[in-house]
Amino acid sequence: GGASAMAQAKALTSKKPAPQSVPVSKLPRKVCEVALNTGPDSSSGLTTSGFRTAKYLTHEWHQSNSDLYNKAFTGCERGESNRAESKELSAHAAAATQRAQQSSTAALGQRLPDIHFWKSELQRQIEDLDAETGLLAAQKLRLERALDATSVPYAIATDNLQCRERRQPPDLVSDEVEQELLKEAELIRNIQEVLKRTLSQAANQMRLNRDHKEICEMDWSDKVETYNIDDKCERYRNESTNIQFHPSSVKYEESASTPETWAKFTHDNIYRAEQEKLASINLRALIDSILHDVSEDLRRQCAAVNEAFVRRCEELDDAKHNLEHHLKNVLKEIGDQEANIAALKKAIKDKEAPMKVAQTRLYDRSFRPNVELCRDKAQFRLISEVEELTETIESLKQKLLESEQSLKNLEDTWVDLEKEIAVKRNSIFIDRQKCMAHRMHYPVVLKLAGY
């Protein structure tokens, strides 16, 4: 028992004793400054003054409690009222927020069909313009083909005119064929001008179509992008994970469009595209009628030239036929005339012997002697015979001269006829073999119409 008492004592001395309380000297002095009672009931005796300083009066104590109760009551009342207001405000705010969000979502939802409507309209315009440009390109190709096709008729017409320059006088005549050929060449030149002008018009219209298609395409792609943005915005919900604060986004853009200008912009684009499409359609119709008219005019003129050629060749054939007929007659006449001249020469020669006989008789009778030299009947007859013979020979010689002149004239005519027939042959060869044969290569109407 003694050992354990020792251990306890040792333990106590090794530890500081725990402080029992705060020493009084460390506490601050409480100073109570209460107004001194100086009323009639107060005692100003020195005996009580020491006890009075730190004390409240009973009614003050009650008042203090009452004030505190009031304060607590009012605080609770106010807190309750504040809680009720807060609850109401929260409910109101929640409803208003939900309404605002629903309204925004609805507004976005209504925006989508508007965008979709214009997007579809633009898409239709783009497809229409694209198709229209394709059709116009086909017409332009027809114009190019028709223009190429006119080179052959032009070459034929100019070649015909050049060939016909090689006709010889008097066949080198500005006849109906020449006038029709000149008309044909002029017509082809005019047609080429018209086709070239129309080609440049078509190229220009195709450029305009493409430009307006591009404008619509840009507008369309903007609408697609906007549709996707608004569609995404409409799908956002409070539970969405990809939403965050963007304080700077709540401001109006200065350059932003209004719904009116927004709709007008696309409406104008569509309207202009529509106008270009109509212009393109009209141009295609115009090209159709131009190509139809061109091929018709060329065909008609070609037929006119061909008919003129046929008529001219018939005329030339007739003329050649007549010349050949006259040549035959002239040749026969030349033969007859030559025979006639031979006969006349023989007739003149045949008169020589009778003349000799008559003249010898007269000569011999001049030797009759003396009175025998009688101017008898025989003498008169012989003299008149010689005179008659002389006259006959003279008239035969005159006729011979005339016949020889006639023969010369006939021979000249023969040469002229031969020459003229050669000229006609040449003209017929040029018109029929050269010109008309070349005209067989005239392009068909379909080719001239650009097919």
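Sequential numbering from 1, following the chain as shown.
Glycine is treated like the rest: Cβ placed from N, Cα and C.
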From 138-172, 313-347, the residue range that TrEMBL assigns the feature coiled coil: 313-347
Coiled coil according to TrEMBL, located in which of 183-231, 232-280, 379-427: 379-427
Region 'Disordered' according to TrEMBL, located in which of 1-24, 73-96: 1-24
Distal contacts, the coiled coil (313-347) - CB-CB under 8 A, six or more residues away: 171, 396, 399-400, 403-404, 406-407, 410-411, 413-414, 417-418, 420-421, 424-425, 427-428, 431-432, 436
